[in-house]
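**Q** Quick one: this structure, given as structure tokens, is what I'll be asking you about.
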């Protein structure tokens, strides 16, 4: 029990919570309390939903030893198709809400199938599908912005709050909990981790790595679809830029959150917290009216810093183990001399 | 195939028969009409040199490879093993040569992996712990299933893999070179487990290069050579040690003659360590290696031998004491400096991961240490100089290759190891540290390796030999230093008499006191 408390104190999540608390307080002071008034508070969480969802989407592919460069393109095309169907084809809103989920899952399935069938590196496969999907998104909406007026009931849900928290943020939290439960309590979830950690051992234990890769990409695509749905509900309109700025944040959240890029591990809480930190940086940027480029600068630097810090920790731990062994060896040597 | 219904105690038994198995890979007939019969309650030795087809046979019996023809019969019923999972259903458990664990998982999860106990669609974590504990108890292992697997030693991980094999109803257990990388004490423990499983009626297949342990623990034997079975499921007692070796290598090899090296010249030490403490955890280590001398550094796995080699060549830091090369105190900060400035070469332990570039040609592998010497103009490597240099080592070391451009990964283990050695020799070191040179190498290549090491010493090279194979140590070394828990327990002049030497070495490990000579 003691050990688990100590590990909680040392964990990445604790650091992130501390950063969030300090950052929130500083923002509160800088905005002379304005940050805590209902509208900025709601806006903060409203635009936290997508970063959480795409961070989780990326985390799932990273866990199995893959990556998904197409998160933004999948989300963008799913949102565009749904928007065009509702606006131009008169598709009912409830059906329009299902479309992004189906499109996302299918796109993810295709990514997974391609990786498994061609045995080509997931980097190249998703880079290619990303480019194709971006083309499709442009073909669907071209230069127009499809107005949210075409799906008023959905837009209402996008604005709705429960106890002051936006419904779409709560959706992303529920999704995060489901993802965490899946990795903890389902055989499929554990199989993904096994495949990501040591594919050879997983294969010899009767786990299909191919299946793991396909499932991971499909789940990742589904979450991109959820992010697309959330975007439809919360944005004033859908155009070709939706999803265009998702790629870096999708990697930033899991990496800062403590997920190993080598595969085999997940950190749902860490990913959610890291997405929150990124959102704080964005809010601070708006508060101090800095150019949006600063956010990219800060996030890029934080990602590099996190990776470097992780490495320093690892080296330190190895040193400590070595020193312990030296102490042990010298004490036994002394013991033997006195004998 | 349907999974066998779980049966309670007493444990079920079954005979495994593989009949006329043939398996062809592009360009090679790996198995040609091989048959084997594993009976309940007995241990069957599978012997053969590297590349003879042992691992292929094991993979064919466990659904990893599909044989081209032949049949596999378990307990009287013919089985088609389409994947590893089907083999488990058929009651065949296996522990492969390499450790196959998920490092991010606990001991318990590693045991039940692939067949997680579930309840109502979810993983039943209490069931995982319960089942894992049951399997560990079958082996008398006192391990907590919730321990992270990375906290275990390699030998313990191997036992966990056996526990995994026992998790499902296992009537046949295949062990591929289980003793290749564990210490003698750990081997003893493993054999206690093997003996016990045999007594309970399990049919066991045991692969090993160590004939002593084969004779001590096995009942029957099959010998493979070049994909054929030259001895098929015969009682081991009917064949002498020498006969078995002869069938393995295919021609009668005279036993290895140890050259008389007592007359070696006495020179000032080329490499000496004085009271060295390192970041890896060594304490008060003192050693001396003279030119033309082979100093053996013996110890059990985990004693700190490889780490000491790392400290010498600058991969770990020396925090106290002195390292001297040719009498001069030095501070070596990198492998590059060790090799080019102080002429200390280090033939690494793990050839596949550290020793060679598997996807590169033999030429590239050997010349990598000396590219700067082969230059023709700034930054360009002379292909001719490179070829000539490599040709010299290929013939000196008798490396069996089809051409210099052959990929190193296509060579046998022994030839890969020679390529790794040639790479360091190319840099013309005066001091050579050789770490576990013959792990997983067949007898014939082993012998040529021994002769090579003697030749290098005769030419004046100072050699520090690290090995956990005591027989190898007693054959090769002039003196043997014994390390235990990062401390040198003592040093012995080697008499090359196996019985007395092994007694003294083991005594040194246990007592930690110096045996006066």
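Every residue, even glycine, has its Cβ placed from backbone N, Cα and C.
Nobody curates TrEMBL annotations by hand; they come from automatic prediction.
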**Q** With the ranges A:69-87, A:316-334 to choose from, which does TrEMBL describe as transmembrane segment?
**A** A:69-87
**Q** State the residue range annotated as transmembrane segment by TrEMBL; the candidates are A:160-183, A:184-207.
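**A** My reading of TrEMBL: the transmembrane segment range is A:160-183.
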**Q** For the transmembrane segment (A:12-31), which partner among A:43-62, A:160-183, A:213-235, A:255-281, A:293-312 gives the most CB pairs under 8 Å?
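**A** Checked against A:43-62, A:160-183, A:213-235, A:255-281, A:293-312; highest Cβ contact count belongs to A:255-281.
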**Q** Could you tell me whether the transmembrane segment (A:293-312) and the transmembrane segment (A:160-183) have 3+ CB pairs under 8 A, leaving out pairs under 6 positions apart?
**A** no
**Q** For the transmembrane segment (A:69-87), which stretch among A:43-62, A:93-116, A:255-281, A:293-312 has the most Cβ pairs under 8 A?
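**A** Counting Cβ pairs under 8 Å, the winner is A:93-116.
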**Q** Count, for each of A:43-62, A:213-235, A:255-281, A:293-312, the Cβ pairs lying under 8 Å from the transmembrane segment (A:93-116), and report the range with the highest count.
**A** A:213-235
**Q** Quickly jot the same-chain residues contacting the transmembrane segment (A:255-281) by Cβ under 8 Å, restricted to those at least six beyond its ends, or write none.
**A** 11-13, 16-17, 19-20, 23-24, 27, 44, 47-48, 51-52, 55-56, 59-60, 62-66, 173, 176-177, 179-180, 183, 193-198, 249, 295, 298-299, 302-303, 306-307, 310
**Q** Which residues, given as numbers and ranges, are at least 6 beyond the ends of the transmembrane segment (A:43-62) yet have a Cβ under 8 Å from it?
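**A** Counting only partners 6 or more residues beyond its ends, the transmembrane segment (A:43-62) has Cβ contacts under 8 Å with 35, 68, 71-72, 75, 122, 158, 165-166, 168-169, 171-173, 175-176, 179, 192, 196, 216-217, 219-221, 223-224, 226-227, 230-231, 234, 246, 249-254, 257, 259-261, 263, 266-268, 271-272, 274-276, 278-279, 282-283.
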